[in-house]
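Worksheet: one structure, shown below.
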């Protein structure tokens, strides 16, 4: 009986000793939740006042969310990211208060990784806006939707590799894969230009020969006209000279 009573008293003492830390952790979670909700609302209102949704619509990101049949919008997703960022910080502080070091270290590593996630998302968003803008310029300049699509997806693929590098995912594989992909695109473009441009190159060569032949004919005609003019000038000079020469027999008389 004494051992049972001793165990109960020790357990009760441990609970009472941990009770302040538990209450502190709960208070931290409540305050962190309130702050996270407030910052989520502030972020949403600020983005709406800045016309962020219009930027997303111009960049084609809003249409992507509509095609995916999700009820979320880019603004709501960014607001939730802010909420969870702040709330995870509160969770980490609460776990530190409880003295659970293993969970605290995991949360600390995750929180330290969040800025890289945000940077990768920003890279993709800005690259998508730039890709759509460049695609519109290329389509307007060349009149080809294929060229615009190639420029658009080329920028997006490059941004995807940059985002993966920012996240630190398989860094030793990203660079070789990107170089292989870039070389494949360059080789495909060279083959397409070489095979598809044979007719154009032949036409250019034929036009060059025709132009050079016409130029040679014009030069020969001009030289012939010059020779004819020189010959006519010499003959007229000879006639004038013979007509103006006095008769030697008349002079002797």
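Using the three backbone atoms N, Cα and C, a Cβ is placed for every residue, glycine included.
Any TrEMBL annotation is an automated prediction that lacks curation.
Annotated by TrEMBL as transmembrane segment, the relevant range among 49-69, 175-195 is 175-195.
For the ranges 81-104, 201-224, the feature annotated in TrEMBL as transmembrane segment maps to 81-104.
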